[in-house]
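A short worksheet on the structure shown next.
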Amino acid sequence: MRIWGRGAASWRTLLFVLSWTTTTLAKDDGPTIKVSKFKHPPLNMNYFEDSDVVLFHDMSENNIYRSDDAGVSWGKVAGVPDGVAYTLAMHEFDNSRAFIITDRREHFKTTDRGKSWEKFDSAAQTSRYRDQILSFHAGDPDRVIFNGMDCAGIFCNEVATYTTNNFKEAKTLRGSTEGCWWAKSSELFTTGKDDLDRQRVLCIGADSISPFKEDQRLFISDNFFEKIDGQVQQFEPNLDTNHGIQGVVNLAVVKKYLLVATTSINTDEMSLFVTDDTLKWHRAMFPAAHGHKVNQGAYTVLEGTNYSIQVDVMNTRPSNPMGVMFTSNSNGTFFVENLEHTNRNERGNVDFEKISGIQGIFLVNTVKNWEDVEKHGGSRKEVVTQITFDDGRTFHDIKAGDDRVHLHSVTHLDNVGRVFSSPAPGLVMGVGNTGGSLNDFEEGNLFVSDDAGASWKKALDGPHKYEFGDQGSLLVAVKDSKKDDVGEVSYSLDHGLNWKTAALPDGLKLKPEIITTTQDSTSLKFILVGSSGGDNYHVVALDFGGLQEKTCEDNDMEDWPARDADCFLKKEFKDPIPKTEDCECSDADFECDYNFIRKDGECEKAGPIVAPDEACKNAGPDTSFKGSSGWRLIPGNTCKRKDGSQKDDPVDRKCSDVVNSPAPPASGDITATQHIFKDTKLNDFEKIYLERGDSSSDSDETVIARAVEYENDGSMRVEQRVYRTRDHGKKWDEILEKEEIRGIYPHQYFKDAVFFTTKSRKVWYTIDRAEHFHEFEAPSDPGSGNPLSFHPDKKDWLIWVGQKCEKVDGKEQCFKEASISRDRGDNWRTALRYVQKCEFTGRSTYKFRDMRQIVCLTHKREDNESDNPKVIVSSNDFFEEDKQVRESNVKDFATMAEFIVVAAEDKEQKGLRALASLDGETYAAAHFPYNFEVSHQNAYTVLDSSTHAVNLFVATQLEKNQRQGSILKSNSNGTSYVMSAPKVNCDNNYFVDFEKIIGLEGVVLINSVTGKDKKGNKILRTEISHNDGSQWAYLPPPKADVNGKAYGCSSTYGDEKCALHLHHYTERLDKKKTFSAASVAGLMFGYGNIGSSLGPIEEADTFMTTDAGITWKSVKKGAWTWQYGDQGSIVVLVPRSTEDKKAKTKSISYTTNEGKDWKDFEFSQEEVTILDITSIRTGSSRNFLLWCRSSDGKTFSVNLDFTGLTDRPCVNPESGDSDYYLWSPTHPLQDNECDYNFELDPHKQCSLVPGKKPLSAEQYCKENPDAVSYYEPTGYRRIPLTTCVGGTELDKISEAHPCKGKEEEFEKLRGTSGVAIFFAIVIPIGIAAAVGWWVWRNYGSQFGQIRLGESSGFDNDAPWVKYPVIAVSAAVAVVAALPLLGSALWRTASSAYERVSGGGSGGGSWLNGGGQRRFTTRDSFARGRGDYASVDDDEGELLGDDSDEEV
């Protein structure tokens, strides 16, 4: 190939365009100009391609206007009612079709460029959540997918419909979607088969239970998801080689590729999967050299080529971002780095644009002073412009003469369409300046190039908006201005060498907004849009058609480039055609391959090599294969191969050098690695595990730890040394050595991030798993407690509640101030003063709330007077303009799942009243069942509400050491309650023996009180429910103990006289030590005894179940602490130690077959006290950490590594020799429970309580304002957890009636489908489903009970203040026991509690006060003492009482 351009690759593009050499006289003196005036801005202006027909959208009036003469005259489109246009969509593959989308089901379409419009029904309402409403088929314009929503219920469910005949008929495609696309969504993409190209559809499907994006999956159907024999015809593609992936959040079509992005809990790192046929997918691999990751909101898929994908990944602070640009190989899988320090803005736009019509050329802006910007986030960027002619292999400066030119690009968009170029061959324009770097836009001039950017010249002074016409023979520009002072347009007929001006008619002066023309830039007609004074908007039609008489002929044509035009082609809507010619390959046609970097003209290995499929399967590290030489042909390069050896010929490589290289053979041994923490005087540790997500590319197991000790008064001392390990405790090093760290706060949702506060306003943080550390200045002093609150979706959004002091009337007054940052602390804005706490309550999952919603508890006035009541305020715009007081006289609030629970004063009852809200704006009270009187001195505890209902514990016995209560269960919106379990045990602080089992929906363990013994102690029994608390049973006892000795009693299923009873939540030293683990479905451990009731813990033995509590067996004598590993294939037990009883040992016990056999492993030569055993919270690691103290007082950790036991990965469950067995619960599930004011009678039927009435229609419709209808009460209601469909629906066997005022909607629903009625009536809060996932991300696996109404400090100098549980006046406790996760899809759970207290005395403090205290761990140390923080944890907020205000 011949080289064209500086440093160009070896191909040449010949563009047959125009060349003119003669001069003709203008027919007229200038263009014809016509002005039209409008009251509102003409937005979304669109040409029908290859025509003069233009449409625009008046969004103020919701009307569409049309012009058929390139903007000269305008009128509203015919056949469409006024005020219905929600959006305007142009057909992507048919230049005569467009759609007017309304906010209803009836829309309008045109097939004749808008001349006439026809109504059509989309079979679904327009989605308000999705940008892309219509998805078009690239091969058949009649095939369209409509992404809509079904709002038959209170909340809207996203659905997709489709048509194969241009909406003559629309059919349902799929429900519960997050977007659907045709496989053939690009003209270049093909599945390889014509029938699949025509039919294949891809949908992102929401989980049937979980509303969270981490549970979404990709589904493919070739017959529109139809059912055959009751089965939906769909399949899940093997995104990750041999299995599907959950967490699919987006799909993009890029030329001939489909890209799918997935996410997972614990991290914002995403995985990108690529296919070029929808069948074979690959995970996009980025070079290992610099550790670049694709994070949510931090990557941009650029305009790709026909033969590769280009991606820019942000790698710096979000407030002043820069990126790295990568280009893939030809199948879109392996990316190599093209350019570092690309210029980006906060919206993800990248200063990058390809030159239109010419492959391989693009302009990009980079940051020259990148080191300063990385170090100091507020530094001004010095932006420079570069160009490449070989698709990013080499880059060059652009120059005007000898002066370097820098141009404003995509991050400063000043017009519609492309920034620099158009289909006009070789013509490029831009606004910029000469010099060392890019100046402000207002200081720029207009520059032009007619050789595709190889050379430039200044065209006009000042910044301009510009366009190309007549395939480049005409350039038009209008000066840019912030004022309405522009009264002329400029134009050039010689590629910008000379310019003329034309004045706007009648002395019109305007502020230019856009200038545009046809998409192919072949027209001589342009449209200028501008504004002048007030609400005057002008559409100016410019027609240069009469400017010259001569039309270009064949002898005016030559190979591009062509200049000095004095004729017009006048071939409107005919595009220039590029031709290519291939030459012999040279070094310039090759670049470094994946994980190779260029050095001294060679490509050196900088990371693992990719082996061909099957090359290193079952191979040893020294096995060799033919692999990459380090070079690859530049994607898309079609050079002719010469004879002989090639630069990219495969060479010999070793399997030890490849990605996922073979593991060394298993040794069969467990290894123990000890690390002594020298000079440590304290006796405990704060431990923070940085959990990984499924989409994480890291394989480390990082733990952060520091020594701590709790004083008798509850305060905590900490050592200043903070330690880090990246290999689960084999090696430790000290971090932040010179800093006096005060508090350590893991990010509640994104576990790669941890924040460290100091005694000053300096805050350190890491976002890459403690690899690197950055700092920011907080807006106020940290005060006591956790000052930070995090957003569930936006990693960089922070709320800081700190202490501010100022002089008021000569006296210093201190208060808490809430500040908000949207760029991870680089910039702060004050939200509220005199605030108690604030939380982000907006979330993408809860579509009924604004993503920006914040709820705060603050004082009504800005003072600290005792009579200053507290109020709940909310905002949907960060308190910039929106600030609404929602409730007054509030004591506190707590968030749990989708509920916001508020405790407010009830002055009539002289106590507290509880309210709840779903949307953060409307709060409603709850109704308790008949005969359940609630004293104002009672305590309320909200238990885990993960299964579509609130479990509310109400204390009924208040005597100290005898406290107990009833668990009431709500309907799905938390307003009416029925009895679930009476006489449930709680401690003196109203923490409850209640736990939902992780990994299985609906399985709950409680301890109930059956009386007193002779000493006056409570007699407790353990009960279990397998249908979310509707029915309870005792635990069946094993027949014999671990030694084979029979117990003193026996029972097949467990009964009052003989059952297994377990020590529960209230007796745990560490409130996070749960019975089960996230990744181990059905497996539970506990210690207790066999008999008629629970015995002393000193006499307890250890038991386990592998079937979720159906059967149990004894595994150890005495009480042992357990830890799960490798998804339950490893369980480790250690003797339980307490402060009073230090169990000493030098070995641990473990099983690798679910407790069938147990082995001991000696980890120490002398006996030591094991303070704790920890591992990754989900139970997926094969490493464990023992935290020990020796007899001579040394504190140390021991890593136990079980990876040596085996090197064989488990075989696929579907294979014949599978290592898995299919397990499913066998307990019968009841799908119904008693309704409000109904209870089980002696015949186990739900009967109306004597003297009471069922929930009335008026009450139901009032409490559910969006409900359309109600059923006459039958006595039954569905368990909110159940997902059953059809069958015996006991709540719907009665007659349905419309709510008042909803008669018309009722009739429409009744005529639509039973499914619609189901959603409208049965599930009034829709997406309350499966909030167990919410816990996994919101509250991780923290099982510490959140004490509402208390304040405590996690900092070493902040006392743990103990607050009362019950006051004489009133006490209401709202305690959140955080949710469990479903077996197949759910990963972890939590049982943390939150309590809203009215004040009083007594009670110990478990958590830190002030705002969202997220303590650290899954394992804590002593009763009444604080939990240590693990990254998984979210201890929730302490809902403070009045004494919290002391700051």
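A Cβ is built for glycine as well, from the same backbone N, Cα and C atoms used for every other residue.
If you look up Swiss-Prot, you'll see 27-1314 (among others) marked as topological domain 'Lumenal'.
Sequence-distant neighbours of Asn306 (N-linked glycosylation site) (same chain, 6+ residues apart, CB-CB distance under 8 A): Leu188, Lys255, Lys256, Gln359, Gly636. Under the three-state DSSP scheme, Asn306 (N-linked glycosylation site) falls in the coil class. Per Swiss-Prot, N-linked glycosylation site is recorded for Asn306 (among others).
The N-linked glycosylation site annotation in Swiss-Prot covers Asn331 (among others). The Cβ of Asn331 (N-linked glycosylation site) has 18 neighbouring Cβ atoms from other residues within 10 Å, across all protein chains displayed.
Annotation source Swiss-Prot lists repeat 'BNR 3' at 386-396.
Residues or ranges marked as repeat 'BNR 6' in Swiss-Prot: 723-733. Per DSSP, the repeat 'BNR 6' (723-733) is made up of 0 helix, 5 strand, 6 coil.
Positions annotated as N-linked glycosylation site by Swiss-Prot, on the basis of sequence analysis: Asn864 (among others).
Swiss-Prot lists Asn973 (among others) with the feature N-linked glycosylation site, giving sequence analysis as the kind of evidence.
Beyond the repeat 'BNR 8' (1103-1113), the same-chain residues lying 6 or more positions past its ends with a Cβ under 8 Å from any Cβ of the stretch are 997, 1000, 1003, 1005, 1024, 1026, 1035-1038, 1060, 1062, 1081-1088, 1131, 1154-1155, 1223, 1225-1227. What Swiss-Prot lists as repeat 'BNR 8' is 1103-1113.
What Swiss-Prot records for 1315-1335 (among others) is transmembrane segment.
What Swiss-Prot lists as transmembrane segment is 1365-1385 (among others).
The topological domain 'Lumenal' annotation in Swiss-Prot covers 1386-1447 (among others).
Sequence annotations record features per position, and here Swiss-Prot assigns region 'Disordered' to 1426-1447.
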Would you count the other CB atoms within 10 A of the CB of Asn864 (N-linked glycosylation site), including those on all shown protein chains? 15
For the repeat 'BNR 6' (723-733), provide the mean pLDDT of the predicted model. 96
Helix, strand and coil residue totals from DSSP for the repeat 'BNR 8' (1103-1113) stand at 0 helix, 4 strand, 7 coil
For the C-alpha pair, I'd like the distance in angstrom between Asn331 (N-linked glycosylation site) and Asn864 (N-linked glycosylation site), rounded off. 65
